[in-house]
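Encoded as structure tokens, the structure appears first; notes follow it.
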Amino acid sequence: MLTRLFLIVSLFSLCFYLYGILYTILNVEPNSCTMTYMFKYPQFVRIHFKENDDFPKYGLYAYSEGGLTEKARAKEFTGAPVIFVPGNSGSHKQARSLASIALQKGLDNGWRQHLDYFTIDYNEEYSALFGGYLENQKTFLKHSIKTVLNLYKKLEHRPTQVVLVGHSMGGKISETLLADPEYTPYINTIISIAGPVDQPVINIDPYIEAFYRNTENALSNSMRINEITNTTNYCGKQISTYVNSNKEKTKLPLDDILFITIGGGSRDFLVQSGLTSSKYSDIHALTTSIPLVWLPVDHLCAVWCKELMLVINRFLYDIISYQRHKNAYRSGQSFVKEKDIKLSKASYHFVKPTRNQQRNEINMISNEHSLGDWVEDSRRVFNVAFKDGLKETRYQMIRLLDIPQHQILTVEAVNIESHDWVYGCAAIEVVGSMRVCSKATSLTHLANHLPSAKHERYFLSVDLHKLKRANPNWTHVLLRIAPTRKPIWLNVDIHSPGDRLLQIQMPKWYSYSKVLLKNDTMLGSSFFRLALTGLEEAHQALEIELKPRRCTSDEDHAVAEVCVPWTRGCERFQYITYKQHKSIMVSSTIPKPLKYNTSENPIYINLHLDPSCRYSVSMKNSFGGTLSRIFLQFSHWLPAHLTAILFLALRYQISISPQGSAFKCGKLHSALLSCSPFFIITATRIFAKFIQSARVLPEPDDFHQSMLVSIIIHGTALALLTLLTGGVWLGITICGSVLHKLIFKTVQLPIPPISSAVVPIIQKIPVSAVVVLISMMFAACGGLGLICACVVHFILMTKRYEDYLEEFVFKTARMIAEKLFGKKSHNNPASDANNETQPSDEKVELEESESQPQQENQSQLAEQNTLSSADIQKLGLSKTDEDMLNRIDQLNDEELDKLLKETIDKQREMNRQRLEADAAKRKEYDSIHEGLSGINFHMTLFLLLILLAIMNFPATLSWAKNYHYSRKLVPDPSLIPGTIVLAALAIIWQFNTPRNICAYRFVSVILYILAAICIIYCQDSVYRLNAVISTAFVFIALHQIFAPKIKEANSEDDGDDELRVRIEKMKATLTDSIIAEEG
């Protein structure tokens, strides 16, 4: 029953996982970025320096275009220096979008301020997959910084600092320079674009782990940490909180360096948004929340998206130190060093553009001729539209009233051209027939810029009661509309806090039905807010459907804003129109912190509605969105779960042999389901809690995710292994012989020296092959040796299968021939007779054992509880024993029968349960042919070897890419585990494994411990699986060498011993009853 349940769960898990992949592909948001174009042909000028000789595959380049290239070649640089650092498999040419926009902006302002872009060529190395590159890239970046600054040494006002813009792993490499005190004075600002800053995308080798760990240790005491506490709420954060957050008394060494991290949003499948944020960054923003960008970008689009490139360059130009003297551009330009100025500029461009927050009174009326139109509307919900523009200034007045229905003011302004349009004032003067304010205080900093498909939109939300308490003399809020030719809309909505707020709860994980939240919104209302609680984990996804029911305008436009309070800069916007509306996906980039109170700080979904429409609002659990997030965020768990299941399966395979029988290894496909693979999830969670509380062993990986995620990933791994096992068997049966012959034909070349050298090595497999493979590892790459080891292991399995088929065909042919033609041997008729009857006897015996298991059990029970006179005579009982038996005969027959019946019933029930379990294992044991036992054993080892080769494939790929510069991969994370595994395989291949030896139970215990270690320590730290798999191979090899053989037991002596034991038990039972009777 459990086996079928495990099979169903694993198949459903695989289907869910595949559906998550399909959903991710089909529901990706369209790429709305504008392509960046160059006005002239881009040129990259190589800059040589002495240290470059130590890194021949790297290079430093300066960007230029057209006629300016000659100045770059002459090394005439006068701008503020910026260095672009590419990432994983990135090119130095990716800097051209950033650099081209900066160049054009410098030309437009007459070269008064300009940037000099430099870019680094890392030979497009796979720095995210192989950590051995990271230290070299970091060192080359250090030399490049000094080289760039030396280019300006002849200038009067030479720059002393550079700005680093890193994409992908380039952002992480730039951050690690902060750990070196020698180079931190040369760094002004770091901008990381779509870079995994605090955690790697997949922790696949120990060098990546060491690189991140060393950076963390160095920065923990030098930079301020933006920790997420239980009261953190980033929704509605104003610019002042960003600027003032770093104003503390104690000064740290790296306080003057500005660190900005940017994520790509939902389109970036390679680096998830949660990985782009850093606890050390001063500002973090997804491209979906950056003003004037508001678009998700994929990993490569992040370096050419024009909207993002413009924002970055505007910020860099804003932090150039302004020079007032003549010919300033020729004397050199530098970046400002004051952290507050840089942070304020960065907040303006990447968080929220605002104007001066100083509360100075402004004269609203300069003279009577420029009085304007002052209008006060007593309605709480109204719209003002000027489709043909406005000829004179209009002041829309909103009275401050102390009533509950007049507390929250929300205003949506479309095409407001003035940057200062919201004021608070005391309207105590009357001019003509109008009440006016002669002076007012600006409140424009409270307004937010909203994304829009067509027009420029601003949104204002103010608590009028708080505003009145803070300014008791004020009577009105003013909305100033300057003259313009553009169409203008002003949507005003005044309400109580509860009128436009709806509290909703995340549905249960098993509930996917649609829930109607609001059937119809009020006509004219421009704002509605949903407060969501219960969405606490990163894999959860909720669909909010905002559907226009009827609209009075053809150009309706609504904007949905999603804000998660415990994530910085992760707001996301979405457009909704009558003709085109899509469900709003609500999810979190990172899980909720422990003990975070979502009731006080819920997730907000702000709906900026079109007043001309009525909307219905509904929600439902997103089945596809949840599975998509599981696929994107937890796929790196698969190697750990695949390895753990293989360990559990091997443990079951070596445990099916009954005690005293010859060893046989079970079938892998049945072991995968019979080894109770899902129980390891619960067991490891309990072990992890114990480890965390005991604090003796190393800290385990994060286990705060839902059990549902673990079950889906584990079930997917189980289903994949089941399919992979079938695929390997298919390859062995169909392709094994062909591949075996192909390899030998390839090796037997017409060149005699090669043929005579290689063929003997192949024939002396396996030890000779291991020597060759280990030599290959030390000469080239460990991963290459592991791939070749997989090929050799597959060949050995095909050879075993060929031997099994030959033996099977020979026995079958001989049996058919003997049945058809009779005995053929004349030398030994007795032997022929035995051979002739043996197959039929075995067949009858097998049929009886399969068809009548219950009769056998009953007969065994009867034999166990029956003591004949022959048995007594055979055992040679003493005089005392005979007297006891005589005394027993004198007891009351009824009581004796009752006692014997109870004893026999209990023993029969116990034996029945034991025999049923043994019969199932015995049946599986008997069904395994001796020729297939070895293949079953090596099948599991082969899959473990494949997993090990796949996990070290990135190192092999890096070796192949770097082969032109070095024939050996240094450092090589696959060398040590590969050497250990091949040394163990030399033993396993050389001996006829698995051998008929003892202590398989001890090996099964070790395998279960290793399976638990995989789940506890290797889900996120994938590189640890190298050590775990190597340990398993070592234990298996040592067991095959040193474990003693199983002794063949004498069946007659065993039977006598068992009979004596039964007699002793019966004597003890009857003796107790006699004593009780006499008492």
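Cβ atoms are placed via backbone N, Cα and C, with glycine included.
Positions annotated as compositional bias 'Polar residues' by TrEMBL: 827-838.
Among the features that TrEMBL reports, compositional bias 'Low complexity' is placed at 851-865.
Summarising the annotation, TrEMBL assigns domain 'GPI inositol-deacylase PGAP1-like alpha/beta' to 77-318.
Feature annotation from TrEMBL assigns domain 'GPI inositol-deacylase transmembrane' to 925-1037.
Per TrEMBL, region 'Disordered' is recorded for 825-867.
Annotation source TrEMBL lists transmembrane segment at 671-688 (among others).
Listed by sequence, the residues of this chain that lie at least six past the ends of the transmembrane segment (708-730) yet keep a Cβ under 8 A from its Cβ atoms are 6, 9-14, 16-17, 509, 539, 627, 630, 634-635, 637-638, 641-642, 645-646, 649, 668-669, 672-673, 677-678, 680-681, 939, 942-943. The transmembrane segment annotation in TrEMBL covers 708-730 (among others).
Among the features that TrEMBL reports, transmembrane segment is placed at 769-796 (among others).
Same-chain residues lying 6+ beyond the ends of the transmembrane segment (931-954) with a Cβ under 8 Å from its Cβ atoms: 126, 129-130, 204-205, 639, 642-643, 646, 649-650, 653-654, 663-668, 671, 721, 724-725, 728-729, 732, 782-783, 786-787, 789-790, 793-794, 796-797, 800-801, 803-804, 807-808, 973-974, 977-978, 981, 985, 988, 992-994, 1022-1023, 1025-1026, 1029-1030, 1032-1033, 1036. The transmembrane segment annotation in TrEMBL covers 931-954 (among others).
The feature transmembrane segment is assigned by TrEMBL to 974-991 (among others).
Same-chain residues lying 6 or more positions outside the transmembrane segment (998-1017) and placing a CB less than 8 Å from one of its CB atoms are 640-641, 643-645, 647-648, 650-651, 654-655, 657, 663, 680-681, 683-684, 687-688, 691, 698, 700-701, 1024-1025, 1028, 1031-1032, 1035-1036, 1039, 1043-1046. The transmembrane segment annotation in TrEMBL covers 998-1017 (among others).
If you look up TrEMBL, you'll see 1023-1042 (among others) marked as transmembrane segment. Using a Cβ-Cβ cut-off under 8 Å and counting only residues 6 or more beyond its ends in the same chain, the transmembrane segment (1023-1042) has close neighbours at 203-206, 208-209, 639-640, 643, 647, 941, 944, 947-948, 951-952, 973-974, 976-977, 980-981, 983-985, 987-988, 991, 993-995, 997, 999-1000, 1002-1003, 1006-1007, 1010, 1013-1014, 1017.
The list of residues near the transmembrane segment (974-991) in space but at least 6 beyond its ends in sequence, with Cβ under 8 angstroms from a Cβ of it, reads 765-767, 769-770, 773-774, 777-778, 781-783, 785-786, 789, 792-793, 796, 938, 941, 945, 948, 952, 955-956, 1026-1027, 1029-1030, 1033-1034, 1036-1037, 1040-1041. For the domain 'GPI inositol-deacylase PGAP1-like alpha/beta' (77-318), the mean pLDDT of the prediction comes to 91. Summarised by DSSP class, the composition of the domain 'GPI inositol-deacylase transmembrane' (925-1037) is 84 helix, 1 strand, 28 coil.
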